Structure formats: C-alpha cells, structure tokens
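K.L.:
According to TrEMBL, the record shows the following:
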type: DOMAIN; residues: 20-80; note: domain 'Tim10-like'
Amino acid sequence: MNSSLSIEGLGPLDQQLQHFIEVKTQKQWLWQLVHQMIELHWEKYMDKPGFKLDSRAETYFMNCVEQFIDTSQFILNQLEKTRKSSLLRKLV
C-alpha cells in the first residue's frame, strides 16, 4: 500500500507510527475482503434454513472454511515477515 505522505522527514517514532498505521490498514482491508467473500458465499448457498446442508453446500462450506484458514494463516505470516523486517531495520 503506497502512502501519499513522505516519511523521509519524519523522526524514528513518527516513521514507526506511520508503518504501524499502514500495517493495520492493510490487515483491516484484507479481513474485510475475506468477510465480504464469506458473506456472499453464505447468501448464495444458504438460501433457505434447514436441519442439514445438502452435499453441494456442505462441500462448498468445507472449502470456504479451509480457504478462510489458509487466508488467515497467509495474513499472519505476512504480518510476521513485516514485523521481522521492521525489527531488522531498527537494528541496522
């Protein structure tokens, strides 16, 4: 995500704050996208309430859950890489 503000003239604490805000904004955007996709899929496959899902809906929701877990893990891994990179820059 590109910021319209330049961080070159900012002090170290301001740069950390700017970086923190960018990471939080990216994380929020990704989670919002994931939840929008889940909501769309839920509306598509849960057209009527029932006691049991049909096999098509059950398979679909199992895939959705797996994709949600994979996406969540990917986001966490990316955030961890960003955090480690930020820590390394502080040490240099």
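Please read every residue number as a count from 1 along the shown chain.
Each Cβ is built from the backbone N, Cα and C atoms, and glycine gets one as well.
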K.L.:
Quick one: DSSP breakdown of the domain 'Tim10-like' (20-80) into helix, strand and coil?
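P.N.:
Going by DSSP assignments, the domain 'Tim10-like' (20-80) contains 52 helix, 0 strand, 9 coil.
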K.L.:
Take every residue in the domain 'Tim10-like' (20-80), average their pLDDT values, and give the whole-number result.
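P.N.:
For the domain 'Tim10-like' (20-80), the model's average pLDDT rounds to 81.
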